[in-house]
Amino acid sequence: MKLVLIRHGQSEWNKLNLFTGWHDVDLSEEGVVEAMTAGKRIKEAGLEFDVAFTSVLTRAIKTLNYVLEESDQMWVPVNKSWRLNERHYGALQGLNKQETAEKYGADQVQKWRRSYDTLPPLLEENDERQAKNDRRYQLLDTHAIPSGENLKVTLERVIPYWMDTIAPEIKEGRRVVIAAHGNSLRALVKFLEGISDDEIMELEIPTGVPLVYELNDDLKPVNKYYLDK
């Protein structure tokens, strides 16, 4: 069984080196090219899908659309869930990463970005950036909407969705592609591979490059590789 993961192509805020999180930004021109290239590589590799999953953020949705279009699979059903969203960067969202490092220190910012269990500064309740003000989240329990997340909290929302919704599809023999985000995919990879809390800090997933897992019957990886050529 194969599972394909794709981090969205470069976004406009990736290009500007800004913390993005749940803020909804579009793909950059380079990001569009990355997504289209990913779809072409998937087609060349002969990978076919029966069902697709993505977040409710534009950059991941568009990446998936380009991938399916370029691989001639636009008909594949797509499921969108906030549980596959990027990690919520709290009050850091919209800030420049370099300027934030200069203000708070590179070590502190590195902990906010990469530590498994260090939370970023949280959004204030009345902050206009709160996701509860966004129509796509208005049907959610307000207690489920974060004001900021670390990777641990991100994993705690991603893995139940994997277990309850995605994994059963794979066990039924359906071929799955997931287009999501750097940290929601890091959370899933941590779970699949059993990566330690310390080791996950070093894991980087490149934008727009398909990551293919070969899984056994227990959905444990027996092989993985990037379609980067």
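Using the three backbone atoms N, Cα and C, a Cβ is placed for every residue, glycine included.
Taken from Swiss-Prot, the feature substrate binding site covers 7-14, 20-21, Arg59, 86-89, Lys97, 113-114, 182-183. The active site, tele-phosphohistidine intermediate annotation in Swiss-Prot covers His8, and the record cites sequence analysis as its basis. Annotated active site, proton donor/acceptor per Swiss-Prot: Glu86, in sequence order, evidence recorded as sequence analysis. Marked as site 'Transition state stabilizer' by Swiss-Prot on the basis of sequence analysis: His181.
Taking CA atoms as the reference points, Gly182 (substrate binding site) and Glu86 (active site, proton donor/acceptor) are 7 Å apart.
Spatially, by CA atoms, the recorded positions Arg7, Gln10, Trp13, Lys97, His181 include one closest to Glu86 (active site, proton donor/acceptor), and that is His181. Cβ-based crowding with a 10 Å cutoff singles out Gly21 as the top-ranked of the binding-site residues Gly21, Gly182. Its own atom aside, the Cβ of Trp13 (substrate binding site) has 19 Cβ atoms within 10 angstroms in the protein chains shown.
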